[in-house]
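Student: Residues or ranges marked as active site, proton acceptor by Swiss-Prot on the basis of sequence analysis: LYS175, HIS294. Sequence annotations record features per position, and here Swiss-Prot assigns substrate binding site to ASN123, THR173, LYS177, ARG295, HIS327, SER379 based on sequence analysis. Annotation comment: Swiss-Prot describes LYS201, ASP203, GLU204 as Mg(2+) binding site. The feature N-acetylproline is assigned by Swiss-Prot to PRO3, with sequence analysis given as support. Positions annotated as N6,N6,N6-trimethyllysine by Swiss-Prot: LYS14. As annotated by Swiss-Prot, N6-carboxylysine applies to LYS201. Feature annotation from Swiss-Prot assigns site 'Transition state stabilizer' to LYS334.
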Amino acid sequence: MSPQTETKAFVGFKAGVKDYKLNYYTPQYQPLDTDILAAFRVTPQPGVPSEEAGAAVAAESSTGTWTTVWTDGLTSLDRYKGRCYHIDPVPGEDNQYICYVAYPLDLFEEGSVTNMFTSIVGNVFGFKALRALRLEDLRIPVAYIKTFQGPPHGIQVERDKLNKYGRAILGCTIKPKLGLSAKNYGRAVYECLRGGLDFTKDDENVNSQPFMRWRDRFLFCAEALYKAQAETGEIKGHYLNATAGTCEEMIKRAVFARELGAPIVMHDYLTGGFTANTSLAHYCRDNGLLLHIHRAMHAVIDRQKNHGMHFRVLAKALRLSGGDHIHAGTVVGKLEGERDITLGFVDLLRDDYIEIDDDRGIYFTQPWVSTPGVLPVASGGIHVWHMPALTEIFGDDSVLQFGGGTLGHPWGNAPGAVANRVALEACVQARNEGRDLAREGATIIREAAKWSPELAAACEVWKEIKFEFPAVDTLDKKKG
């Protein structure tokens, strides 16, 4: 051993592997207002104590690695390390815990969801000492929130742009999602909009395929919405999907939509990525475009209860990155979504301040200060019989989208749109009169169908259609 090496070996550095809990489990720590707080569902491998598992998560998602390194002495780990500061056993599970971790704000680049997630949900999710790991919730401090632009416009600005108040926004996804020519696609858009819908929508996987290139689709959809506006006297829109293979191409498509005078564009924020989404959100605010967000790929990340990331975290991340609408499940349709959990993250999207609420799976109080709200979108397997429940669950500040529930009408697209508009307005009127939508919903729809043949036909077609399967992602059992 050289004298130089020998000196380093004996000056405050002891090589080797230490238990994570010696440095990263700190139950005495009081989180700071500026810390990012995370609640992880941790399932350790057999024989791994909960304290070691929680500390490993804190270490591997912040400053730690598997062995002691001499460069630890060149910085202040106490300033920068993540800390597991509290652990709760999960009721009803033998070896599963909710581990709470605090991260100093200096670990994260300002205004970057990409950087935040690279640390918090990075390599630690493949850590061998853990059988499974799920990020249940985040507390984003106000100091970090203020480094983000957030949604391009928000709920109130959108209502003012559209001149639509006192009810949910009504939409429709054009079907079939793939295979239509641009002209036939535009025809379907026109029929739905003139029938009474506020918006129509590109499906998430409609980008620029050989059967329908994006520029052709944009042109025919613009023609359709202008024609429908002229006939109805209402402001209309179509979510033009700007998602593309590169950020440059995505912005080019958004620019063309703006040049056509379209009011709104769309992005698939998970497959497109947070960097691309934030860039598009900034462009939309600067150029007066609304931004609709689809969550394609979310169930790969959030559906399994023990591993991945809960959608409430993805919803918070979207509010930071930017979007005016985001799909949020339906509770009553064909897609996963338990009522209490769904209402929890719907409030996280819309409200300025949300309290801890175990009954809805909200682990942290979350203030949003001046960040605009995001409209939740209910879409997927819904039809006119669901309208009372959707109105009661989501309220006015939402977007209700009926794809098959519009284009599947036996008389065509426009009558399908009429049926949905009549059903929505009947439910809003009944609610405003003090009627109980949960109890009287079917009666309200039948009464409205007496003076709307379009609604009566829709009621007959979908009277037996239900999607009743138990939810995969459920709230934990209560203690005791």
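Even glycines carry a Cβ here, placed using N, Cα and C.
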Student: Counting only residues 6+ away in sequence within the same chain, which have a CB under 8 Å from the CB of HIS294 (active site, proton acceptor)?
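Tutor: Looking at Cβ-Cβ distances below 8 Å from HIS294 (active site, proton acceptor), excluding near sequence neighbours, one finds GLU204, ASN241, MET266, HIS267, ASP268, TYR269, ILE326, HIS327.
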Student: Tell me which residues of the chain lie with their Cβ under 8 angstroms from that of ARG295 (substrate binding site), as long as they are six or more apart in sequence?
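Tutor: Listed in sequence order, they are ASP268, TYR269, LEU270, PHE311, LEU314, ILE326, HIS327.
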Student: Would you count the other CB atoms within 10 A of the CB of LYS175 (active site, proton acceptor), including those on all shown protein chains?
Tutor: 16
Student: In whole Å, note down how far the CA of LYS175 (active site, proton acceptor) lies from the CA of ASN123 (substrate binding site).
Tutor: 39
Student: Reported as an integer number of Å, what is the Cα distance between LYS177 (substrate binding site) and LYS201 (Mg(2+) binding site)?
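Tutor: So the alpha carbons of LYS177 (substrate binding site) and LYS201 (Mg(2+) binding site) sit roughly 10 Å from each other.
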Student: Out of THR173, LYS175, SER379, give those recorded positions positioned within 10 angstroms of ASP203 (Mg(2+) binding site), comparing C-alpha atoms, in sequence order.
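Tutor: Those near ASP203 (Mg(2+) binding site) - Cα within 10 Å - are THR173, LYS175, in sequence order.
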Student: Using the alpha carbons only, what distance in Å do you get between LYS175 (active site, proton acceptor) and LYS201 (Mg(2+) binding site) once rounded?
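Tutor: Cα of LYS175 (active site, proton acceptor) to Cα of LYS201 (Mg(2+) binding site) measures 10 Å after rounding.
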Student: For the C-alpha pair, I'd like the distance in angstrom between LYS201 (Mg(2+) binding site) and THR173 (substrate binding site), rounded off.
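Tutor: Rounded to the nearest whole number, the Cα-Cα distance is 5 Å.
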Student: Neighbour count first, Cβ atoms within 10 Å, every protein chain included; then name which of LYS177, LYS201, HIS327 tops the list of binding-site residues.
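Tutor: Compared across LYS177, LYS201, HIS327, the most Cβ atoms within 10 Å surround LYS201.
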Student: Please work out which residue of ASP203, GLU204 has the most C-beta neighbours within 10 angstroms of its C-beta, and give that one of the binding-site residues.
Tutor: GLU204
